[in-house]
Structures are given as C-alpha cells and as structure tokens.
Amino acid sequence: MELFYYLAFGALGAVVAALELSKNNKDRINTSPAFNSFKNNYLLVYSLMMAGDWLQGPYVYYLYSQYGFGKGEIGQLFIAGFGSSMLFGTIVGSLADKQGRKRACVTYCITYTLSCITKHSSQYKVLMLGRVLGGIATSLLFSAFESWLVAEHNKRGFEQQWLSITFSKAIFLGNGLVAIVSGLFGNLLVDSFALGPVAPFDAAACFLAIGMAIIMSSWTENYGDPSESKDLLTQFKGAATAIASDEKIALLGAIQSLFEGSMYTFVFLWTPALSPNDEEIPHGFIFATFMLASMLGSSLASRLMARSTPRVESYMQIVFVISSAALLLPIMTSFLVTPSKVRGGGISFSGCLQLLGFCTFEACVGIFWPSIMKMRSQYIPEEARSTIMNFFRIPLNIFVCIVLYNVDAFPITVMFGMCSIFLFVASLLQRRLMVISDKPKTEGRELKERDPEMEPLNI
C-alpha cells in the first residue's frame, strides 16, 4: 500500500482526535443525567442498527458475482432495492406514524434479518425478494428511528437544543466509527477466517437481533397521529398538503433529495474515478478513510450546533458550495493533468488529488446528516413525520434508479458535473430556506420598532 494512503488516513485521524480533545465549554452543552442515559441507550441501538447495515454494503455486489450473475442482472437487483424503497417506503412510513415508531423499528430488524437470510440462496427470485425486503428496511432505518427519537425526546421534556447532541453523536458513531469497524470486521470474516461472502450478512443479522432485544426491553411506544379515523390515503394526502402548503418543508425535501442523490451517485463513481486504467487501489482502506472524513464532519457539526451562531440554515449554504466544488475535481484534473494510459500500477497523481477532494466531500456528508436531522426536527410536523420523511425519499430513489440504469451511458465527468450542479442548486435552496425562516423574527422586530409601546392584549 502506498505511503499516500497512510498519510491521508493519519492526517484525518489526527485532526479528528484534535477536534474531539480540544472541545471547551463553548463547544459542549450542559445536560442532565436523565438525558445522558436516554441518549446513550439510543446511540447503542442506532450503532447496532448501522452495524447491521454497514456489514452488508461492501459485499452485496461481490456475493452476487460469486453466484455467477452478470453486471446487468446485478444492476436489476440493485434497482429493485431502490425501487422497493420508493414504492413501499412511504407506506411503511405512514404505518410507523399510525401504528407506532417502536413497532416500526422492530419491523426494520425483522425485515432486514429476513433479507440477510435470503443471501444464503443463489436463486435469482430469492435474491430479488431479499432486495425488496432490504429496500423496505432502508426506508424504516432512515425515518422510523429518527421519528421515535424526536417524539420521545419531546415527550420526556428535554431541551430542544439537546437533540443536536444526539444527532451529531449518532452520525459520529453510526456513520463513522461503526462503519470503519464493520468494514474491518467483515474483511476479517471473509478473508482472514475464510468464512465466505455470506458471513458478513450472518453477522449483521446477529447485531440486528441484539438491537431488537434492546428496543423491545427498554423503549416505549410513541405515535404521530394514532387517530383511527385516518386511513393511509388520508395520511398521504395530509403529508402532501403539508409539503405543498409550507415552503420550508418543500425546500427541505428538495435539498435532501439533491444532496442524497449526489451522495449515492458518488458511491457508484468513486472507484472508476480513482482507477480509470485499472490501477490497484485498496478499496477497503479508502472506504475507511472516507468514513474517517465523515467523522471529522460530524465532529465539526457538533461544535457548530452547540453554539447559537452560526445557525444551521446559514452554515449549510457554505457546506453545499464546498461539496459542489469537491465533486468538480475529476473534471478539473481531466483538463489540467495529462491522463495516464498505462494499465494497472498504483494510484496516479490525478487520483491522489481526487482522493483529497472526495475526502472533503465526505467531510461535508458528515456535517450534512446531523444538520439536516436538526432542521427536520424543527420544520416537519410531528403527526406525519415518518410519512413526510419517506415522501422526501421518492425523488431520491427515482434519481438513483435512473443513474443505475444509465451508468454506462454517460462519461464519468458528465456524471460528476451533474452532481456538482445539483449541490450548487441545493446551496441556493438553502439560502432561500434561511431567508424565509428568518421572516417571522424580522417581521416581529419591525412591528416592535414601529410601536414600541404596544402591549399584548389579555383576553
């Protein structure tokens, strides 16, 4: 492995350690023992859930190829997963609001465990069923848990600002540390112990079972709108009305779809971008480096959200611009650096530059997740939280399915350029969100300035 990889990983690790160790009172929020107990319980469960997800990710494509399926068939299986999330995600989100978020989290564990079990079969139909179950589980993972957390946090009367602590820690652990450890653990099972490509899926099922046991024994149930008079269609209409009638919710959904669509496209593109001539690159080590960069971003986010200024709506504009610039690097290097035509070998100079840019993008991803969670907790109404969050995922899943279907139709530079444009548009929408979220405060100040002696009426 080349020295460059060690330097990048070591530098990021040192910065993350320095950020965490240098936090002072301004970067921390004073909380209560009851909240700390609640937060730690949620973080343990969330980390187990993410371990169940991260263990599977690196080996899905590899497992299908070992079963003898070609690129086209594997692409269809992946499209089935995203299509399932799009078609069934909103339904299960609505059921979570109506039937209970705790039940939805347990359903996630059961559904994803069944998806893991299907990986033992080499039959295409069984694997397709597994992808459908996995798509449903993914929708629950990214809606039910957050919805349960926000509702339970408010029900217990904790300070609203304390939510940002849980969000940033969840991303730091679940999308950072757990991802790195899961990647190393999966590699240990498959390569060192030679247990085969199904072993990570069995390990994932074990973690999901442990998490489900903790949920069932320690979590209480909460609901969005448990009214029995509302059927699923009524809930869908209510969620759609909320999005259409509140510009802040609509903007938030558009921003999330643009960023996540670019992020998932990046997942498909970074490997061919770093090895255009089949250069030998350590995929697992690079993945761990990306996750370390994400941890750096979540650590920065926890500092930013611990302070009253700058507001989330403000600094996220800058984050989107930086992420847009980071994904322009493959295009810039294709013009500024003479591309190598030598097959194989180590990573090229342009590949090194792109890797640094990709680490910057992953740091932005680390800031994005806790920040978008905080904005969702502020703007999305409680009674339809899971439903609306899964509505946001519909355009995302459509976009990813289109990209997967046409991944060979466009040059890689065009794909990166498209993602960069999406991210820049997200920064413009974020600017609009900040402006309209400031309107009530601004109007209140103007009213007070016009009539400083005005007193509220007591009726």
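A Cβ is built for glycine as well, from the same backbone N, Cα and C atoms used for every other residue.
What TrEMBL records for this protein:
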type     : residues : note
TRANSMEM : 6-22     : transmembrane segment
TRANSMEM : 43-62    : transmembrane segment
TRANSMEM : 74-96    : transmembrane segment
TRANSMEM : 128-150  : transmembrane segment
TRANSMEM : 170-189  : transmembrane segment
TRANSMEM : 201-219  : transmembrane segment
TRANSMEM : 285-306  : transmembrane segment
TRANSMEM : 318-338  : transmembrane segment
TRANSMEM : 344-369  : transmembrane segment
TRANSMEM : 390-406  : transmembrane segment
TRANSMEM : 412-429  : transmembrane segment
With pairs restricted to those 6 or more apart in sequence, evaluate whether the transmembrane segment (285-306) and the transmembrane segment (128-150) have 3+ C-beta pairs under 8 Å.
no
Should anything in the same chain at least six residues away from the transmembrane segment (318-338) have a Cβ under 8 Å from its Cβ atoms, list it; otherwise answer none.
255, 259, 262, 266, 273, 349-350, 353-354, 356-358, 360-361, 364-365, 367-368, 371, 412-413, 416-417, 419-421, 423-424, 426-427, 430
Does the transmembrane segment (390-406) make contact with the transmembrane segment (170-189) through 3 or more Cβ pairs under 8 Å, each pair 6 or more apart in sequence?
no
Kindly say whether the transmembrane segment (74-96) and the transmembrane segment (128-150) touch, using the definition of 3 or more Cβ pairs under 8 Å where each pair is 6 or more positions apart.
yes
When each of 128-150, 170-189, 201-219, 344-369 is checked against the transmembrane segment (6-22) for Cβ pairs under 8 Å, which one has the most?
344-369
Near the transmembrane segment (344-369) in space but 6 or more residues beyond its ends, with Cβ under 8 Å, are 2, 4, 8, 12, 167, 171-172, 175-176, 259, 263, 266, 270, 273-275, 277-281, 286, 289-291, 293-301, 304, 316, 319-320, 322-323, 326-327, 329-330, 333-334, 337
